[in-house]
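Note sheet for the following structure.
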Amino acid sequence: MNTIWIAVAAISLLGLAFGAILGYASRRFAVEDDPVVEKIDEILPQSQCGQCGYPGCRPYAEAISCNGEKINRCAPGGEAVMLKISELLNVEPQPIDGEEQELAPARVVAVIDENNCIGCTKCIQACPVDAIVGATRAMHTVMSDLCTGCNLCVDPCPTQCISLQPVAETPDSWKWDLNTIPVRIIPVEHHA
């Protein structure tokens, strides 16, 4: 019985010692992130679609901050994201690159023609935001609330049954961009 307690104490002390060493090393050798990259990354839509030419939103944010990359290459974010980045960096806004040249681009979502879907799951694997649901050899469908319209699911489909359809804004589907609404603190008087 005595040897069990010795073993438990020895392992506990080893765990405590290694934890202290790891804690010290993580603080001593910590790499500080660029705060500008962090802010740009927060503004980007995090769809990781690659339409900007980078493998995800974080590498694009690093390229904007460190390499002077154009701020107008995020198609899913559109003009709103470009304007926020230009305001953050205090640079001139630029027209949106690529196919998103319109002033107010229409929101599009992927639509699957379920009669032609063979259930291969290639679209599910390609979707960066997990907006497509279905199982192998079963019908797939797109959850339109989650779809960013990034177009990454269209090309892998072997039966070409996926298309992008514009979504009309209705009072039910339209979402406020709360970050563009100015907020003021109004003093309130309390009367007894």
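Just so you know, glycine gets a Cβ as well, placed from its N, Cα and C.
According to Swiss-Prot, the protein has these features:
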type: BINDING; residues: C49, C52, C57, C74; note: [4Fe-4S] cluster 1 binding site
type: BINDING; residues: C117, C120, C123, C157; note: [4Fe-4S] cluster 2 binding site
type: BINDING; residues: C127, C147, C150, C153; note: [4Fe-4S] cluster 3 binding site
type: DOMAIN; residues: 32-91; note: domain '4Fe-4S'
type: DOMAIN; residues: 108-137; note: domain '4Fe-4S ferredoxin-type 1'
type: DOMAIN; residues: 138-167; note: domain '4Fe-4S ferredoxin-type 2'
type: REGION; residues: 1-26; note: region 'Hydrophobic'
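Annotated features taken from Swiss-Prot, shown on the structure.
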residue : record                          : Cβ within 10 Å
C49     : [4Fe-4S] cluster 1 binding site : 23
C52     : [4Fe-4S] cluster 1 binding site : 24
C57     : [4Fe-4S] cluster 1 binding site : 25
C120    : [4Fe-4S] cluster 2 binding site : 16
C123    : [4Fe-4S] cluster 2 binding site : 24
C127    : [4Fe-4S] cluster 3 binding site : 23
C147    : [4Fe-4S] cluster 3 binding site : 21
C150    : [4Fe-4S] cluster 3 binding site : 23
C153    : [4Fe-4S] cluster 3 binding site : 23
C157    : [4Fe-4S] cluster 2 binding site : 21
Q. Which has the fewest other Cβ atoms within 10 Å: C74, C117, the binding-site residues listed?
A. C117
(Q) Give me the CA-CA distance between C150 ([4Fe-4S] cluster 3 binding site) and C74 ([4Fe-4S] cluster 1 binding site), in Å, as a whole number. (A) 10
Q | Intrachain neighbours beyond the region 'Hydrophobic' (1-26), with Cβ under 8 angstroms and 6 or more residues off its ends | A | none
Q: For the domain '4Fe-4S ferredoxin-type 2' (138-167), give the DSSP counts of helix residues, strand residues and coil residues.
A: 0 helix, 7 strand, 23 coil
Q: Could you tell me which three-state DSSP class C52 ([4Fe-4S] cluster 1 binding site) falls into?
A: coil
Q. For the domain '4Fe-4S ferredoxin-type 1' (108-137), what's the model's average pLDDT?
A. 89
Q | Euclidean distance between Cα atoms of C147 ([4Fe-4S] cluster 3 binding site) and C117 ([4Fe-4S] cluster 2 binding site), Å | A | 18
